[in-house]
Amino acid sequence: MSKYDDLFEATAPDDSPFADKAALDPLADPPTIHARDDQERELATILNGVQEGYLPPTVSIYGPPGTGKTLTTRRVCREFAARHDRVAVEYVNLKECQTLFSAANEILAAVGGEKQGAYAGLDGVFEAIWDALEAYPEWTVLVLDEIDHVQYDANYDPSDFFYRLLRGEGRLQRGLALSVWLVSNELLEVDLRLDSRVESAMSDEAICFPPYDERELRAILEPRLERAFREGAVPDDVLADGVREAARRWGDARKALTLFRQAGERAADDGRQRLTTECLEATLETTERAAVIDRLCNLPANHFVVLAGITAWNDATGLKQPVSTGEIYDYLHQDGYPEELQLGTRTIQTLVTDLETMGLVETWIDSRGDSGRVKQIETTFEPRWVREAIDPYAADSTYLDTVFER
Ligand SMILES: Nc1ncnc2c1ncn2[C@@H]1O[C@H](COP(=O)(O)OP(=O)(O)OP(=O)(O)O)[C@@H](O)[C@H]1O
């Protein structure tokens, strides 16, 4: 036996709980869509409008991440187009587009045109889009995914972009029947503050994809887990716990698939052939921690500073919770603390209310007899995670950088 025979034998995953890990890849197209019958029916009804000569100018498809918006919309549109020569569907993901100009260029490329240089301007790109669409069948559905990534930029605002797309002169003159389907996490009108001329060009058609409940997640996960793991590797109680927690915490199919993959990897690392509740809990904790720290790092500076104040107090057993507004105030006014971060009581109160609305803290009133009533504040997650987020937050925040440098 050569050295490599030994090496490969030693590293071969023969005890692994996995049979086909790729079945848990959230990017893989599952053969069947589960638990989205209502949304599939709504999508099909809208598409069938072509039989009566009408598709709405826009359709909003919205809901939190991992709720099957992309999968369901693409699948139903594709299946419909495959059955109707008069209908074409194009899909464009705008996630990576930094500017509205590049978003328009992505659409142009999707409809078979050649991307334009900056000199063409937004008008030039839209002209080229209308040229390309001339060759299309009678009805075209344009699915624009992750449309909430389209933001104001130095040259255009989203209203300019949508106005051209929906009401552009070139398009109207040529009578192109284009139905634009906007996939996003929020309802766009709210998120992008589109102006009234765009809003009036949009239709009210909207399809909501709510988070999955336990029963729905189970229907999605079971066939995938069956393929992904060896027989018996996911005991019933571990499956039930994982599905329940994934539904309670996220309602997100992508995260649920990742949870079971990582729990399986943890089991394999521990030399186990079966997943245990401990593997699952440890994975949940890591996933939750990463998700919370990520959220904290995206908070505005004052919100973060207040959270740092809430989690700054120690008692004999470690971090002290709950704290009062007064204690947050004291922390932010200690000697040597930068003046810019010495927030007043009113501001602290408002920020605590914001944090409560975001689900990051909870508060209640404690009655202290003669000394009155005191608001108590506590994080809804492990308070140590705020301390862990301080370094990454500061590294990314030019504001805190300047404040502490002075
Ligand atoms: N109803 C479902 N049936 C089967 N698999 C699903 C279902 N919903 C989601 N999935 C799985 O989860 C993955 C993610 O779903 P999808 O990309 O459609 O979510 P999304 O709502 O578009 O998320 P985002 O807002 O993050 O783009 C899918 O590729 C698929 O593997």
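Including glycine, each Cβ sits where the backbone N, Cα and C put it.
Because the structure is a prediction, the values reported are computed rather than measured.
According to TrEMBL:
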BINDING   Thr67, Gly68, Lys69, Thr70, Leu71, Tyr212, Arg224  ATP binding site
DOMAIN    55-213  domain 'AAA+ ATPase'
Going through the binding-site residues Thr67, Tyr212, Arg224 in sequence order, which have a CB under 6 Å from an atom of ligand 1?
Thr67
What same-chain residues, at least 6 away in sequence, bring their CB to under 8 Å of the CB of Leu71 (ATP binding site)?
Asp29, Pro30, Ile33
Return the count of C-beta atoms lying within 10 angstroms of the C-beta of Thr67 (ATP binding site), excluding that atom itself.
25
List every residue in the same chain as Tyr212 (ATP binding site), at least 6 positions away in sequence, whose Cβ is under 8 Å from its Cβ.
Ala35, Thr67, Gly68, Ile220, Ala247, Gly251, Asp252, Ala253, Ala256
Rank the binding-site residues Lys69, Thr70 by how many other Cβ atoms lie within 10 Å of each Cβ and give me the one with the fewest.
Thr70
Counting every protein chain shown, other Cβ atoms within 10 Å of the Cβ of Gly68 (ATP binding site) number 23
Near Arg224 (ATP binding site), which residues of its own chain have a C-beta under 8 A away, given they sit six or more steps off in sequence?
Ala23, Leu24, Pro30, Leu257
